[in-house]
Amino acid sequence: MSGDYEDDLCRRALILVSDLCARIRDADTNDRCQEFNELRIRGYPRGPDADISVSLLSVIVTFCGIVLLGVSLFVSWKLCWVPWRDKGGSAVGGGPLRKDLAPGVGLAGLVGGGGHHLGASLGGHPLLGGPHHHAHPAHHPPFAELLEPGGLGGSEPPEPSYLDMDSYPEAAVASVVAAGVKPSQTSPELPSEGGTGSGLLLLPPSGGGLPSAQSHQQVTSLAPTTRYPALPRPLTQQTLTTQADPSSEERPPALPLPLPGGEEKAKLIGQIKPELYQGTGPGGRRTGGGSGEAGAPCGRISFALRYLYGSDQLVVRILQALDLPAKDSNGFSDPYVKIYLLPDRKKKFQTKVHRKTLNPIFNETFQFSVPLAELAQRKLHFSVYDFDRFSRHDLIGQVVLDNLLELAEQPPDRPLWRDILEGGSEKADLGELNFSLCYLPTAGLLTVTIIKASNLKAMDLTGFSDPYVKASLISEGRRLKKRKTSIKKNTLNPTYNEALVFDVAPESVENVGLSIAVVDYDCIGHNEVIGVCRVGPEAADPHGREHWAEMLANPRKPVEHWHQLVEEKTLSSFTKGGKGLSEKENSE
């Protein structure tokens, strides 16, 4: 109330001052009164503006409420009314016929959309002219009144209706046969006489009634028609029935009756062909009669060779591969190819990975620097692998090619084809790491300079990796400190030239060592270790112990070595008898 009272008092004061200013005609006071007029115009009256704001707000709130109400009604209609309508439609004749009808229900079951029973048995079916009539003749007249005088035996038969014969009782089948209607498959009818080429005719099986049909049966007339001409049915092993006698309770088993022209076909039926039961292995190879030894072909590879005499370059173009075996559970492989120019295995090239295919097309070109005089002693080695993101890559097969000079002189438009031979398990090639060690005894500093890595394992689907190097200072199986390099994107031969410095006292240098891991960086998920190498006085690798001893023998001097990367589980421990780092610790 105090706020409203003060506002009202201020408004009255402004009105009073404005009236006084309006009555005073003096020029001196006119300027002073001008500011009161402006103040009144800005602050008073505010009633219409407030009313407009409230009206606009109410309109917005009302509109939003109407929109929300409409959305809620639409969602309710979609969630509640539509499913109930569909459920009701399927129950009232729009859905399939039920098989749980009582034995008294006739062939009609549920007709139209009303869902009313037209007869308690087949004898009262309207199609057969029985005495039963619909409960509402005004709306649904009997089908007997809609038929032409010719009945079922006329020249214009009714459209065939597809019904489920599995639910018919034995009495219903008998009445069907008595009325002159016979069941048949949905395929065209067989003529009653056994013609040539009909193959084999079987008597109906014992047990009475008709054989169970896996699909919907067709009720057609026995009278010949022109609308549905009879076509010869292809030879099958199903039982063909010519007539059904409901009075017989026991029948002999079905026996083959050879017909004219069908003796040879009858002999072929039922014979076992052993060649069809031999297993087919990956790539279409028979596994039943083969020995399965190494060297079996597992696909083919196409490539082209060319030697450049001016630059001493051997150009290799990998074109495609065909009929590779499936290595994954989905029936495909993720193949890629590595090539070496033997006996040098340090320099290698690798194609891109092709996902989910057994016939990859590569079309990639690589060059090897090799003098012409050495080309006769060199061999080209192709290794086809299946890429696996979370485990070791599977070796599909390999091709070793000699006589390179002779093959390189062939026309370039004639590609070479070779069978990919299945080889034994090959040692995992994870790459190599080049780094130097330098120890300063006076300062107590151990400097590890990571220079470069080569031929790293591809960890990404692009055929590359995002590697970085992590060095850990280890003492008695525990990690004391760790240092990391920068990440090099999309490469298998990164160059770092980065120094990692550790504080190591002179009295402790004989009790520590280094674990150096090359890790593939992933933006999503965990980083994966490509390979590790370890150096120190108690390292399991002799090369790692030699490198450490050479560093101690040459203080203040960097000692550089290449180290082969190995898997973490291959090198079970850091020391010869102690506990090493786990793979999880290496990837951190």
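Even glycines carry a Cβ here, placed using N, Cα and C.
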Same-site residue for Ca(2+) 2 (record: Swiss-Prot; known: ASP386, ASP388, ASP394; options: ASP323, ASP328, ASP460): ASP328
Close in space, distant in sequence - ASP334 (Ca(2+) 1 binding site), Cβ under 8 Å, 6 or more apart: LYS327, ASP328, VAL353, HIS354, ARG355, LYS356, THR357, ASP386, PHE387, ASP388, LEU461
Tertiary neighbours of ASP394 (Ca(2+) 2 binding site) (same chain, Cβ under 8 Å, six or more apart): LYS327, TYR385, ASP386, ASP388
Local backbone state of ASP522 (Ca(2+) 4 binding site), from DSSP in three classes: coil
The topological domain 'Vesicular' (1-54) [mean pLDDT, rounded to integer]: 68
Distant-in-sequence Cβ neighbours of ASP466 (Ca(2+) 4 binding site), under 8 Å, six or more positions away: MET459, ASP460, ILE487, LYS488, LYS489, ASN490, ASP520, TYR521, ASP522
